[in-house]
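S.K.: Below are the structure tokens for one structure; questions will follow.
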Amino acid sequence: MLNLFVGLDIYTGLLLLLALAFVLFYEAINGFHDTANAVAAVIYTRAMQPQLAVVMAAFFNFFGVLLGGLSVAYAIVHMLPTDLLLNMGSTHGLAMVFSMLLAAIIWNLGTWFFGLPASSSHTLIGAIIGIGLTNALLTGSSVMDALNLREVTKIFSSLIVSPIVGLVIAGGLIFLLRRYWSGTKKRDRIHRIPEDRKKKKGKRKPPFWTRIALIVSAAGVAFSHGANDGQKGIGLVMLVLVGIAPAGFVVNMNASGYEITRTRDAVTNFEHYLQQHPELPQKLIAMEPPLPAASTDGTQVTEFHCHPANTFDAIARVKTMLPGNMESYEPLSVSQRSQLRRIMLCISDTSAKLAKLPGVSKEDQNLLKKLRSDMLSTIEYAPVWIIMAVALALGIGTMIGWRRVAMTIGEKIGKRGMTYAQGMAAQMTAAVSIGLASYIGMPVSTTHVLSSAVAGTMVVDGGGLQRKTVTSILMAWVFTLPAAIFLSGGLYWIALQLI
């Protein structure tokens with residue numbers, strides 16, 4: 001691993017290590033901030049002792065990161081404007097990452113201190129938007145162009161819809177349990193709160209099978225949280241390494257000859273598709289703003305711009321850099337690897353835009369999606385040591401600081417305490433919803449999904465909600481995004497003035 005950092009001066013190397021420490025610290029905060037949601041119900045219902053529940057959550061968080069894949073990781077990264085990603089120098093890259101992470105850390109620590117289940121996902125996304133907007137203002141470019149609106153819209157849709165889904169499904173489960181699993185003394189046990197059970201039976205722990213269901217669903221929430229939120233940390237680490245230590249990370253240096261050939265074949269097949277459908281790139285070119293004029297005085301650094309008009313030239317350059325018998329990326333110089341990454345990202349971006357054009361068949365959309373996946377297979381990756389580091393940070397963070405947010409979830413959302421059935425319904429809803437989102441590559445908020453699910457169970461069960469707590473949570477939700485935008489944007493502007 002250490003040989004990949006060869007070539008960096010001491011100053012840049014120290015800053016790089018500091019940036020990586022920031023990312024892992026952010027993930028640790030994410031662990032004790034968000035994973036409190038996973039253990040709140042299982043602790044409050046006395047299904048597990050707090051210490052054991054937290055260790056279990058840390059364990060399943062760890063394996064959620066390891067097995068969760070990378071689709072969410074790069075969905076977050078692609079929210080940044082493509083030109084900003086491709087043209088940032090090392091110093092600007094560090095300023096961007098430090099500003100983004102510091103803003104997220106400040107807000108997450110603040111909401112955790114007050115016990116508010118605010119969303120780490122919303123915080124991170126707001127920080128990314130703040131960077132994009134500040135970059136647009138400083139460079140004089142369009143604010144609309146500064147944001148990758150396609151990715152931002154898709155991610156915002158998932159963040160808005162997921163809490164509604166959580167509220168409705170969890171409430172629906174309670175309705176079904178009340179309707180079909182009650183009426184007898186034995187069945188009514190799951191609709192009690194721990195204090196009621198202790199008064200009547202002298203026991204505070206739930207019935208055996210109810211307890212098993214609570215533990216399994218809590219483990220599911222922790223695993224899904226790791227699979228979704230852990231990927232965001234992986235994406236941030238890769239963003240740092242690609243920007244600061246490009247020699248070993250801009251492409252997968254461990255890629256096999258087969259994987260490189262698959263990448264080249266995908267580019268060739270995309271070229272054939274464009275040749276068979278010449279009207280599509282023409283439509284796309286007409287929709288895009290013109291390329292910026294090139295500098296002729298030699299004083300301005302030439303920037304790399306993605307534009308559909310350059311697609312065939314870009315494809316030709318890739319085919320030149322990747323001959324058919326290439327077995328490794330080692331023969332390419334660092335500048336060639338960086339150039340290859342930029343070109344591949346641009347070709348992929350063009351492919352994604354083509355798939356969105358009206359008149360493109362479903363079959364062609366699936367073909368373009370498959371080609372994009374193959375093109376980026378050696379570009380969008382993460383070494384095992386990075387996945388392990390993020391998993392450890394999230395797992396360790398889970399075991400500290402969970403109590404504040406867990407008390408809010410378990411005791412302060414509803415006017416009555418949480419019943420066993422409500423805990424099961426909320427956790428099952430969150431585990432399945434977040435797990436599905438991770439599978440399709442959509443970042444969602446564990447906090448929002450589970451908090452909404454708990455609220456849904458309370459409303460349907462007739463217990464009502466504590467207005468003060470719910471108002472505080474909603475205010476935190478509403479202000480998280482603008483606060484993160486202003487924090488990261490302001491920090492980024494200050495950082496750029498100092499360098």
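Glycine too: its Cβ is placed from the backbone N, Cα and C atoms.
The following feature annotations were taken from Swiss-Prot:
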- 5-25: transmembrane segment (TRANSMEM)
- 52-72: transmembrane segment (TRANSMEM)
- 94-114: transmembrane segment (TRANSMEM)
- 124-144: transmembrane segment (TRANSMEM)
- 155-175: transmembrane segment (TRANSMEM)
- 207-227: transmembrane segment (TRANSMEM)
- 233-253: transmembrane segment (TRANSMEM)
- 382-402: transmembrane segment (TRANSMEM)
- 430-450: transmembrane segment (TRANSMEM)
- 473-493: transmembrane segment (TRANSMEM)
S.K.: With Cβ distances under 8 Å as the criterion, find the stretch in 155-175, 207-227, 233-253, 430-450 that has the most pairs with the transmembrane segment (382-402).
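M.R.: It is 233-253, which has the most Cβ pairs under 8 Å.
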S.K.: Using a Cβ cut-off under 8 Å, which residues of the same chain at least 6 positions beyond either end of the transmembrane segment (5-25) come close to it?
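M.R.: For the transmembrane segment (5-25), the far contacts come to 90, 94, 97-98, 101-102, 105, 233, 236-237, 240-241, 244-245, 247-248, 334, 389-390, 393.
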S.K.: Apart from its near flanks, which chain residues at least 6 from the ends of the transmembrane segment (207-227) lie with a Cβ under 8 angstroms of it?
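M.R.: Here the qualifying positions are 34-35, 37-39, 41-42, 45, 47-48, 53, 56-69, 72, 189-190, 391, 394, 398, 420, 423-424, 427-428, 430-435, 438, 446, 450.
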S.K.: If contact means at least 3 Cβ pairs within less than 8 Å, sequence distance 6 or more, would you call the transmembrane segment (94-114) and the transmembrane segment (233-253) in contact?
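M.R.: Output yes: the transmembrane segment (94-114) sits against the transmembrane segment (233-253).
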S.K.: So, taking each listed stretch (155-175, 233-253, 430-450) in turn and counting its Cβ pairs to the transmembrane segment (52-72) that are under 8 angstroms, which one gives the highest count?
M.R.: 430-450
